[in-house]
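Written out below as structure tokens is the structure these notes cover.
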Amino acid sequence: MKTLKDLGDLKGKRVLVRADFNVPLDGTTITDDGRIKAALPTIKTLREEGAKVILMAHLGRPKGKVVPELSLAPVAARLGELLGTNVPLAKDTYGEDAQAKVAAMNDGDVVLLENVRFNPEETSKDADERAAYAKKIAALGEAFVSDGFGVVHRAQGSNYDVAADLPAAAGLLVEKEVKALSKATENPERPFTVVLGGSKVSDKLGVIENLLDKANRLVIGGGMVFTFLKAKGYEVGTSLLEEDQLEKVKGYIETAEKNGVELVLPTDVVVNAGFPAGDTPVAPEVVAADAIPADKMGLDIGPESQKLFHDKIVDSKTVVWNGPMGVFEVPEFAAGTKAVAQGLVDATAAGAFTIVGGGDSASAVRNLGFPEDGFSHISTGGGASLEFLEGKELPGLKVLE
């Protein structure tokens, strides 16, 4: 994989950078700027080298139309604050305003192009259409840096096709992500523990399949665990259940046994009369995992399981965690996710290499107040880190070889 140093001297050069600025917004307020901060090392390095830094990114799913609420204006403002410099936002991605703003740049300046997904060609399935569009963007720059790890699993105009038109390299964030995830999957120090949560088993099938012959231990919580409990013959009440995955999950339980992989499931769960919505009062109670009442829904792992999961994580040299253990946004159902996060922090302090897979787990550790430096690596890619852990070839990385 080519990296920044492969691009040579960048002084005075116009460098297009595909970043991942797909941040959560409340109106125009950014509620978690983790992805913006993650892009700063690459931006600062390019500025120090005297490059003209042209940033591009997407926000939300405007589906090829201009949606004012999904403008990157809040991102430009936040970037300006973090960099201590003005970051102008072009009104378009490659049109007149983008061209004019780029033409006016001095060495070390930063410009942000408007949301790439305002253009239908960005995510087009037609390769020729995407390539023609990418050429228009590429005309703005003289080199391309791919630093949006959150989109490397997609072949899209601004991260895949542009790389074919310009000298291309991975930015510091993508390089760091690939190093960290490779360290965990290629030659992990053992015991190697994988902790999986989140609502759906179907989202994690590939990861389970790929890691069943690599991990020493698979720890499972979150909504997806009820399909495992059901596969073991337990009743799960009104908990989330993917009936169509039961046979697959039974197969995983058998394979784990055959491969000598320790499969750790909760022994107790926190249940409630239903999913906590709006202002409905919650009445959580703890029940054994094999005794969930017919009218109750499991929403977190119980106290006994919290200790069990924590101890299994601490007894590891490499830990990869993807997906919360419960509905962590509701305080009554956050303890499981906290216990796992604390387990990773304690394991890291004891010398283990720990990765928090992006998406919900990354937001959870930030929202629950854990220090970012308590973990070896917090990934910025949800789907991308999952596909990397599945052992898939990622198009946005392949073009940088």
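Keep in mind that glycine also has a Cβ here, set from the backbone N, Cα and C atoms.
Annotated substrate binding site per Swiss-Prot: ASP20, PHE21, ASN22, ARG35, HIS58, LEU59, GLY60, ARG61, ARG117, ARG154, in sequence order, evidence recorded as sequence analysis. In the three-state DSSP scheme, HIS58 (substrate binding site) is classed as coil.
Taking the Cβ of LYS204 (ATP binding site) as centre and 10 Å as the limit, one finds 22 other Cβ atoms among all the protein chains shown. Residues or ranges marked as ATP binding site in Swiss-Prot: LYS204, GLY298, GLU329, GLY358, GLY359, ASP360, SER361.
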Other CB atoms, at most 10 A from the CB of GLY298 (ATP binding site): 29
Where LYS204 (ATP binding site) sits in the secondary structure, as DSSP reduces it to three classes: coil
When distances run from the Cα of ASP20 (substrate binding site) to each of the binding-site residues GLU329, GLY358, ASP360, the nearest one: GLY358
Same chain, 6+ residues apart, C-beta under 8 Å of the C-beta of GLU329 (ATP binding site), given in sequence order: ASN367
For the binding-site residues ASN22, SER361, the one whose C-beta sees the most other C-beta atoms within 10 angstroms: SER361
